[in-house]
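Listed features, source Swiss-Prot:
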- 29-194: domain 'FAD-binding PCMH-type' (DOMAIN)
- Arg173: active site (ACT_SITE)
- Ser223: active site, proton donor (ACT_SITE)
- Glu293: active site (ACT_SITE)
Amino acid sequence: MVNIELLKSELAGIDIRFDEPLKRYTYTKVGGPADYLAFPRNRYELVRLVKFANREQIPWMVLGNASNIIVRDGGIRGFVIMFDQLHTIMVNGYTIEAEAGAKLIDTTHVALHHSLTGFEFACGIPGSVGGAVFMNAGAYGGEIAHVLVSCKVLTPEGEIKTISAEEMKFGYRSSVIQETGDIVISAKFALSPGNYTAIQQEMKRLTHLRELKQPLEYPSCGSVFKRPLGHFAGQLISEAGLKGHRIGGVEVSTKHAGFMVNIADGNAQNYEDLIAHVIQTVEKESGIKLEREVRIIGETLQ
């Protein structure tokens with residue numbers, strides 16, 4: 001049993017909200033409560049939180065920007081840590097260092113402001129820098145692995161260390177920290193000098209493509225499935241006749257079948273059921289088993 005008075009005393013000054021519904025913070029607008037939702041303002045507060053949780057044997061996790069995640073309806077036990085206030089972006093020559101809570105889109109606009117090229121591919125990717133590094137986010141032929149130099153991480157024990165891009169062992173939507181449990185707290189990117197107008201035009205072009213193809217008008221978890229070798233997930237889903245298929249308030253997007261949108265106050269179970277149905281149907285129709293890109297976390301509603 002957690003001693004709440006001890007928690008409040010030892011973590012005084014840190015913004016902690018009790019039994020806080022996570023659907024207020026997720027891109028899907030679903031998710032049950034976090035026992036303790038924390039918003040550290042700096043690395044010092046973050047380390048205090050993690051060391052307290054470890055000492056008191058309270059589970060903890062970082063939710064980041066919650067853009068490619070489904071939080072189950074039963075919520076998450078222990079501490080959920082948000083990096084909303086860790087969002088500093090700094091430029092030094094041709095490198096950008098961004099804290100994990102900085103929005104990836106904001107980081108690309110800082111690059112544009114300084115006429116730095118190489119980050120245009122990320123101009124429409126929602127979510128945070130930390131989450132983007134964690135999953136090696138990418139679009140339009142670019143990915144985080146192409147520009148990352150190194151990142152600072154918080155280990156499960158509460159220590160801070162630096163990991164090089166090579167040590168990250170990036171793969172398609174994967175990195176070594178998905179296995180180690182290390183949490184990105186900042187990342188350094190190497191870019192190249194470019195022409196402001198050319199960079200701006202490319203970002204406008206990619207943003208227009210995204211607006212044309214993606215269902216941005218509804219809450220969603222972003223791209224649901226990884227791209228199967230030699231195929232497109234959205235095309236396989238469309239060919240299986242699943243465009244517009246709905247379970248509860250969640251629907252396979254009629255605009256892009258690779259997305260699932262919350263059109264009518266859906267819940268996390270609707271998402272899980274629809275994902276399972278799509279995987280089963282596509283495999284039956286095409287022989288190809290889709291693999292989830294979106295992470296599903298938390299507990300089912302009892």
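Cβ atoms here come from the backbone N, Cα and C positions, even for glycine.
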Rounded to a whole number of Å, the separation of the Cα atoms of Glu293 (active site) and Ser223 (active site, proton donor) comes to 7
10 Å Cβ neighbour count around Glu293 (active site)? 19
Cα-Cα, whole number of Å: Arg173 (active site) versus the residue listed as 'active site, proton donor'? 11
On the domain 'FAD-binding PCMH-type' (29-194), the mean of the pLDDT values is 96
Helix, strand or coil at the residue listed as 'active site, proton donor' [DSSP, three-state]: strand
Judged by the number of other CB atoms within 10 angstroms, which among Arg173, Ser223 is the least packed of the active-site residues? Arg173
